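Engineer: My questions all concern the structure below.
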Amino acid sequence: VLADPARRAAYQQAGLTVNGKAYAFDFVEPTDEAPKADLVLVAVKHTQLPEAIRTLRPVVGPNTIVLSLLNGISSEELIGQAIGPEHLLYAYVYMDAVREGRAVRYSQLGEIVFGEAVNDHPSARVRAVQELFAAAGIPHNVGPAQGALRRVSAKRPRPRADGAGRPRGSGPGPGPGHRAGRGRYRLFRGHHQPAAPRQQNLDAARPGSRPPNG
């Protein structure tokens, strides 16, 4: 997790729980000396996005991939203006997580749907992230083709949650619920990846392989 010293101290003091279980995350201070990330997930409220962009800048290298999990596509546009659109993959999430203070609870694990702006044939970058999510046990799916991912992401509704934390009208399956938005960014580093071939795939998936932004 990328966090400045003050936020890191706050997290470590108060702790973080998910469905009642405490988790201790590794924290990385975003400095110019910090190693460059293979993949950065941005998972904050939209009002926190400018700070998020400042925080992630130092860990973005030539081959870094960035996924924004915010609603809509304006976050991708802002991040792309700051660090270059060649680093971006488009994404949206199905999730019913609710955050109260430092506690997060959910009933459906949900999934991340992601891909290129034009996604008819998964690129090397998409396949590399796919392998990483599969190895980490993160539910995911590659989005629809021909720019539909951007359109769907832009129109994704923000449903209200019921008393159990489920999006209203979602039924028994996962729905596009709101995220536990005051979290920071999950940073996947090479030494956390379980096998060398996957690391090699990420290293080979250069941003230049991304089709032009439609």
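Any Cβ shown, glycine's included, is placed from N, Cα and C.
A quick note: this is a predicted structure, and the numbers were derived from the prediction, not measured.
From TrEMBL, for reference:
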- 166-178: compositional bias 'Gly residues' (COMPBIAS)
- 179-192: compositional bias 'Basic residues' (COMPBIAS)
- 7-117: domain 'Ketopantoate reductase N-terminal' (DOMAIN)
- 144-214: region 'Disordered' (REGION)
Engineer: Over the domain 'Ketopantoate reductase N-terminal' (7-117), work out the mean pLDDT and round it to an integer.
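Structural biologist: The average pLDDT of the model in the domain 'Ketopantoate reductase N-terminal' (7-117) works out to 91.
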Engineer: By DSSP, what is the split of the domain 'Ketopantoate reductase N-terminal' (7-117) into helix, strand and coil residues?
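Structural biologist: Across the domain 'Ketopantoate reductase N-terminal' (7-117), DSSP assigns the residues as follows: 35 helix, 34 strand, 42 coil.
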